[in-house]
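K.L.:
Supplied in structure tokens, the structure appears directly below.
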Amino acid sequence: MAIERTLSIIKPDATRRNLTGKINAKFEDAGLRIIAQKRIQLTKAQAGVFYAVHKERPFYDELCEFMASEPVVVQVLEGENAITKNREVMGATNPADAAEGTIRAEFAESVGENSVHGSDAPDTAKDEIGFFFSQLEIVG
Ligand code: RTP
Ligand code: MG
């Protein structure tokens, strides 16, 4: 199996409720290593660039507003099949559909305020990691 890297964001609903450590424990228990991490507050414009793929969707404005509302923790996770594994640990977008034990099943408040982001493919993972981190900040 390939060792991959993926970009993770602990979203404002989770940082507000002091859940960073509990969420990080889920990643580490699944064999994902946190090889870069920082707490930042996005502007709405920066959130808009990050989520530009969704700009035609009805929830885009609300999503950008939410992502800029309070600090987030951005991270690089590394491990075997890290992109897929992280999506499994996160659970479905809507917490009502998320499997038991997943981050979204346990912590998400709604389909919009759903505690975590994870890259969905190798090309987006590479772009998203580069959006937030320089090579010097990633220590694998
Ligand atoms: P993410 O990109 O944040 O990891 O989430 P995802 O792949 O599971 O879901 P995606 O379809 O990419 O949607 C991105 C984020 O937009 C918000 N959303 N709100 N109100 C709504 O119906 C709605 N749908 C999506 C969520 O924050 C979702 O994670
Ligand atoms: Mg997505």
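Heads up, the Cβ atoms here are built off N, Cα and C, so glycines get one too.
Caution: TrEMBL annotation is automatic and unverified by curators.
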K.L.:
Please state which member of Asn18, Asn114 TrEMBL lists alongside Lys11, Phe59, Arg87, Thr93, Arg104 for binding ATP.
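P.N.:
Answer, per TrEMBL (ATP site with Lys11, Phe59, Arg87, Thr93, Arg104), from Asn18, Asn114: Asn114.
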K.L.:
Out of Arg87, Thr93, Asn114, give me whichever of these binding-site residues has the highest number of other Cβ atoms within 10 Å.
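P.N.:
Output for this query is Asn114.
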K.L.:
Restricting to the record's ATP-binding residues (Lys11, Phe59, Arg87, Thr93, Arg104, Asn114), give me the longest CA-CA distance in Å as a whole number.
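P.N.:
Farthest Cα pair among residues binding ATP: 21 Å.
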